[in-house]
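**Student:** What Swiss-Prot records for this protein is below:
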{"type": "SITE", "residues": "48", "note": "site 'Part of a proton relay during catalysis'"}
{"type": "BINDING", "residues": "49, 208", "note": "pyruvate binding site"}
{"type": "SITE", "residues": "111", "note": "site 'Part of a proton relay during catalysis'"}
{"type": "ACT_SITE", "residues": "137", "note": "active site, proton donor/acceptor"}
{"type": "ACT_SITE", "residues": "166", "note": "active site, schiff-base intermediate with substrate"}
């Protein structure tokens, strides 16, 4: 596959659990089939939305194998495989590759707050260890530090398999710098559903979306409308979805989206600690919006 396929609508896939918190493999297969039918371009299991901090390495490999088996060659599988220990991040990436991942999403090192050179060396080691595309995940709100645009662009220029960035900094200046100065092989994706419309209008390549768990066809359509220059229809669709985008973060992700999927009959509402079920007042608000959108009756 080419690096140019790191584009379009990518779903940050939830991990369904049974009541005993084991992985619900049947539900996982159903989710993949849902995305096959909905036009999703990329499946991203084992990321933040997939509760990756609570998954052991064997579980991550099993999830990736199932997702790849179910997706076949129809949808790219780009697995979450990152941590703040560079040696461990390389190990996770290699294991994801062995399990069937065709690309990996590697979160910026968190908590230990490396320098910009530390970020560069972290991703250099990952890129040199792999023969598949690497997507940098820059999410300062969770990691506590930002990978500067200059560092991301340096990595993209130095390593052909550093293929994309999931940019979730909410920094418009940084996004514009990445879009303006990136090499030809490098894709820039937003990690914010609320920014899909303006981001794509600025020349972005796609989104890694939480809401695509619930409304994958609509997320794909929103991207397509902007790419086709149909901004009036894109605005109408975005306005229809924007409350859902907001409510998906009324509590910590992925709690709201998993509750929504349980109401839609796709998974059980089960989380692993320290995540807990939503407060009843928030459940009521989200349920009303799902009814308004026609996702449940």
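Placement of Cβ uses the backbone N, Cα and C atoms for every residue, glycine included.
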**Student:** Near residue 166 (active site, schiff-base intermediate with substrate), which of the recorded positions 48, 49, 111, 137, 208 can be found within 10 Å, Cα to Cα?
**Tutor:** 137, 208
**Student:** Which one, from the recorded positions 49, 111, has the smallest tally of other C-beta atoms lying within 10 Å of its C-beta?
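**Tutor:** Minimum Cβ neighbour count within 10 Å, taken over the recorded positions 49, 111, occurs at 111.
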**Student:** What is the total of other Cβ atoms whose distance to the Cβ of residue 137 (active site, proton donor/acceptor) is within 10 Å?
**Tutor:** 26
**Student:** Can you tell me the CA-to-CA distance separating the residue listed as 'active site, proton donor/acceptor' and residue 208 (pyruvate binding site), as a whole number of Å?
**Tutor:** 10
**Student:** Of 48, 49, 208, which is closest to residue 111 (site 'Part of a proton relay during catalysis') if I measure between C-alpha atoms? They're all recorded positions.
**Tutor:** 48
**Student:** Among the recorded positions listed here (48, 166, 208), identify the one with the smallest other-Cβ count within 10 Å.
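**Tutor:** Checked 48, 166, 208; of these recorded positions, fewest Cβ neighbours within 10 Å: 48.
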**Student:** About how far apart, in whole Å, are the alpha carbons (Cα) of residue 208 (pyruvate binding site) and residue 48 (site 'Part of a proton relay during catalysis')?
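**Tutor:** With the alpha carbons as reference points, the distance is 11 Å.
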